[in-house]
Amino acid sequence: MIRGTNSLIGAVNFVTFLISIPILGGGIWLSAKANSTDCLRFLQWPLIIIGVAIMVISLMGFAGACYRLAWLLRLYLFAMFFVVAALLGFVVFAFAVTDRGHGQVVMNRAFLEYQLSDYSGWLKGRVSDPGYWAKISACLREGHACSKMARYARDPTTGVLVPESPDMFYRRNLSPIESGCCKPPTSCGYTYVNETFWAAGAGMMVNDMDCTRWSNDQRLLCYQCDSCKAGVLASIRHSWRKVSVVNIVVLVILVIVYVIGCAAFRNAKRIDNDEPFGENRITKARPSRFQF
């Protein structure tokens, strides 16, 4: 029975080791997103650290269960408690800082547009900080966030590839960063020329500062617009919500493993005290009179 229990604990911790891979994968995915689109590089490190910690602790619990080392199980339970608490805190933090903010529907447009006023809290302050935004906008430019927007359609008359028409562009589902950083807000009244070149219209709204921040210079575009900051926030929100769903599933499994680990620790202590499994101390202290 003891051997079967410890074998079960070892198997469960091996499964936990395998399950920790999605956490590490989520951190690496956020890191890849930070280098290519989101450009917010500090968010992935807590997740990567937690993923590596779960891997190491799972191996610790696996060894403690297989070799029946009470001190190693004690260390395993102590470390696992803090990892579960850290993962829970990260999940709560991720949902708290991405609680507000949604794209706004624009008439006769398939894509959404984003406003910085729809967001609030710590993450908005972090992204809006002038010094930090300078790094994010430079990352967006260096990553050519808007250069892949160009699309061409074949002219039915000449057969030559030409830039897509305004109606075709308006039916596209743009990403939050493409919508916020690569074109002016629709309310500004600019006239479409191509994806990243817009002509000023007669009805331009001057009360929106983003209308004056827009530039047809391909190095500038709307990288200094509040709509671009809102687009980055929307992209981060989408990425974090995806990763948080995986983290919640892993968190539930870790809690189950932690409870089983507590049972394994009690089992190891029973062995150290020479207590037969299934018998209590009273039975051992008062044996039967009949000896065979």
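The backbone N, Cα and C atoms fix where each Cβ goes, and this holds for glycine too.
Here TrEMBL flags 7-30, 42-63, 75-97, 245-265 as transmembrane segment.
When each of the listed stretches 42-63, 75-97, 245-265 is scored by C-beta pairs under 8 angstroms to the transmembrane segment (7-30), 42-63 comes out highest. Outside the transmembrane segment (75-97) by six or more residues, the chain places 23, 46-47, 50, 53-54, 57, 60-61, 64, 121-123, 240-241, 243-244, 247-248, 250-251, 254-255, 257-258, 261-262, 265 with a CB less than 8 A from a CB of the stretch.
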